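Take a look at the structure below.
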Amino acid sequence: MASSSYSPHFLSLGIFFLLITTTSSEEESATIISRFQQYLQIDTAHPNPNYSLSTTFILSLAESIGLQYETLEFAKGKPVVILKWPGEKTQLSSILLNSHTDVVPSENHKWVHPPLSAHIDFNGDIYARGSQDMKCVGLQYLEAIKRLKRNGFKPVRTVYLSFVPDEEIGGVDGAGALANSKNFEKMNVAVVLDEGLASPNENYRVFYGERSPWWLVIKAVGSPAHGSKLYENSAMENLQKSLESVWRFRASQFDLLKSGLKEEGEVISVNPVFLKAGIPSPTVQMILFSFYLSLCPSTTYPSFCYQWN
Ligand SMILES: [Zn+2]
C-alpha cells in the first residue's frame, strides 16, 4: 500500500474477524463462498482493472448489510470505496479496515484452472487470481461485520472499510490519494488493519511494520582516456569502489541474519537488480548501475527515488 505523511498505525493482518464471530451453518457457508467467488470472477487485473464492476459489487453488499457508503474518485476511473459502520462514541478515533480491489495480471496458460474462474476443487481449494492478495480479506471484513451486526454487536468506535484501487502499481491514485485527502482527515483514523500473509491454518500472523523501498541509481563517470594506455579514475574503477561499499554493507546485514541476532524483518536488504554499462568505447566511458534498497520496518511509508551522481 502506498501512502505518505499520516500517522495512524498500520497493522497487517489476515483473517481476524472470523475468530470473534460465531460459526455459521453449512448453508450460510456455501452462500459466503459463492459471494467470494463472484468477487474473484470480477476481472480487476492490471493493466485494465474493471473497477466499475468491483465497486458495484461492494456497494450492493454494503447496502444489504446496512453500512453507510460513499465512493471517492481522486483519479478518473479509479474509485475508492469507503464504507462506514458508526460507533456508539463518535467522538473517539476510528478503526479502518483496508483492502485493495486490484490484482496482478496472470498468464492464463500456466494455470491449472482459469484465473478468473474461481474454481473449487474436491479439497475445497479455490483457484483464482486475487484469492489471497487480497480479495479474501476485503470479503471477510464484510462477512464478519454482517454476522456481528446480526448478533446485535455495536462497536464503540466507528469502523470504516476502504476498498482501494491501484495498490499493485503503487497506490498513488488509491490509498495514497485517500491518505492525503480531507476525507481521510475527517475519518479520524487511529488504527488501520491492512494486508498480511495468507495462512494455511487457524493461526494468523500480525505484522506491525512495513518495509519501505528505495530505488537508488548510481551513475559512475570517469576520465576519458585511450584504451592503449593505463590511466587513473576510470568510470569502471569508480563504480567498483561504490559497489564494494554496497557489498560490504549487504554482508554486514546478512551476517546479523545468519547469526540469528536479527530477524528477517529487522535488517536492511540491499539487492542489485540492474546494471547498464554505457558506451563500448575506450575513449568515452559512462556506466550506470542501479540497485534496489529496501529499508527495515518501523519506518513509515516513504517511497521515492534517490539519485546520486
Ligand atoms: Zn496485496
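For all residues, glycine too, the Cβ spot is worked out from N, Cα and C.
Bear in mind that TrEMBL entries carry predicted annotations, made automatically and left uncurated.
Going by TrEMBL, these are the annotated features:
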| type | residues | note |
| --- | --- | --- |
| ACT_SITE | Asp102 | active site |
| ACT_SITE | Glu167 | active site, proton acceptor |
| BINDING | His100, Asp133, Glu195 | Zn(2+) 1 binding site |
| BINDING | Asp133, Glu168 | Zn(2+) 2 binding site |
| SIGNAL | 1-25 | signal peptide |
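For ligand 1, the nearby recorded positions are Asp133, Glu195; that is, of Asp102, Asp133, Glu195, these have a C-beta under 6 Å from one of its atoms. In the three-state DSSP scheme, Asp133 (Zn(2+) 1 binding site) is classed as helix. When other Cβ atoms within 10 Å of the Cβ of the residue listed as 'active site' are tallied across all protein chains shown, the result is 25. Residue pair Glu195 (Zn(2+) 1 binding site) / Glu167 (active site, proton acceptor) shows a Cα separation of 11 Å. Of all the recorded positions listed (Glu167, Glu168), Glu167 sits in the most crowded Cβ setting, with the most other Cβ atoms within 10 Å. When the binding-site residues His100, Asp133, Glu195 are compared by the number of other C-beta atoms lying within 10 angstroms of their own C-beta, Asp133 comes out lowest.
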